[in-house]
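Report on the following structure.
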Amino acid sequence: MNIKLPTFIELYRQLIATPSISATDAKTDQSNEALINLLANWLETLGFSIEIQPVPETRGKFNLLATLGSGTGGLLLCGHTDTVPFDEGRWTQDPFTLTEKEGKLYGLGTADMKGFFAFIIDALRDIDTSQLTHPLYILATADEETSMAGARYFAANTAIRPDFAIIGEPTSLQPIRAHKGHLSNAIRITGQSGHSSDPEKGVNAIELMHESITHLSTLRDRLKTRYNNPAFVIPYPTMNFGYINGGDAANRICACCELHMDIRPLPGLTLQDLDDLLHETLAPVKARWPGRLSVEALHEPIPGYECPTDHKMVAVIEKLLGEKAQTVNYCTEAPFIQALCPTLVLGPGSIEQAHQPDEFIDMAFIEPTRELMGQLIENFCLAEKAK
């Protein structure tokens, strides 16, 4: 295709120069509208039809779905447009200026994962898209780094059903077919304050929390014993007590105590089943101390995800790469996209650089990724190879 678009490096540069931070703090949170419009302009130049979708209950966030070709099936290439916030004091260069140094491209979002869109657009230069017999979709989502609101909303409302989807998170071009889910809850105990000289006149929230943690530790052991998937390095669900706060003085009965905890379930352990287990575990404390214990989700839970190893689409990717699909413990948008079609997580860059100061992608990924993008489109969208 003879299309006038910026060079690959210039595509990358403009993506990195367009801030799109997601944060729970409204002061830090940013709209991704400018980045969505940038992508829309490039993709329209390539002949895609563009749909921009406001994502409800967000601070000015949008999804973009770009479609080229018609018919059924096809390929969906997905990525999120947002980045995490950055610690200015720990970066040695401007996070919004693409910096090439010693074979690496530095900048916020170079690996995780705005750069993925540059790879897609650059690969399309060499493909005769007039020969597509199955559609090519490109999805750019919002708020993956916080609530995953964009992917949730898209999956719940779209009518498209591709044959296959790739989410371009940084996996070092290693195909990922499964990951654990994530639930994060606040356990809050409301006691009754009083002078420590007469403990019977108060209700010590720290003691009730100790009782609660004892029950939760029992649940942790049950999960470890009951659920096992040897495909994972850590083959059982994990539970972590990550934050606790309570009390204000040694001579005062603690009135309030709060614990933040998370659970990472294996695929197949549903969020509802896990929520039921959690409340069942804490039921004895609630029964003994009515009205004093509450459980509140810190964010919308993310289910575990798994693409069957024997799916024919997985075999195509494994053959292209010469590598077997693996599992990881971190979370992506895959559970939501998997509801539409078989999905793998596969992209350039290393997860080790994600969310780090001086984030970078090694330039050694450029040619293999560009080649892979072309192969994916040929295999799933072009006449002679579309399945």
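These residue numbers are counts, starting from 1, taken along the chain as shown.
A Cβ is built for glycine as well, from the same backbone N, Cα and C atoms used for every other residue.
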Candidates GLU88, GLU145, GLU318, GLU323, the one Swiss-Prot lists with ASP112, HIS355 as binding Zn(2+) 2 = GLU145
Further Zn(2+) 1 ligand in Swiss-Prot, beside HIS80, ASP112, within candidate set GLU10, GLU169, GLU200 = GLU169
Task = Name the secondary structure element type, per DSSP in three states, that contains HIS80 (Zn(2+) 1 binding site).
result = strand
Query = Same-chain residues six or more away whose CB lies under 8 A from the CB of GLU145 (Zn(2+) 2 binding site)?
reply = SER22, ALA23, HIS80, ASP82, THR83, VAL84
Ask   = Closest to HIS355 (Zn(2+) 2 binding site): which of the recorded positions ASP112, GLU144, GLU169, going by Cα position?
value = ASP112
Note = binding-site residues considered: HIS80, HIS355; fewest surrounding Cβ atoms within 10 Å belongs to HIS355
Query = Same-chain residues six or more away whose CB lies under 8 A from the CB of ASP112 (Zn(2+) 1 binding site)?
reply = THR83, VAL84, GLU169, PRO170, GLY349, ILE351, GLN353, ALA354, HIS355, GLU359
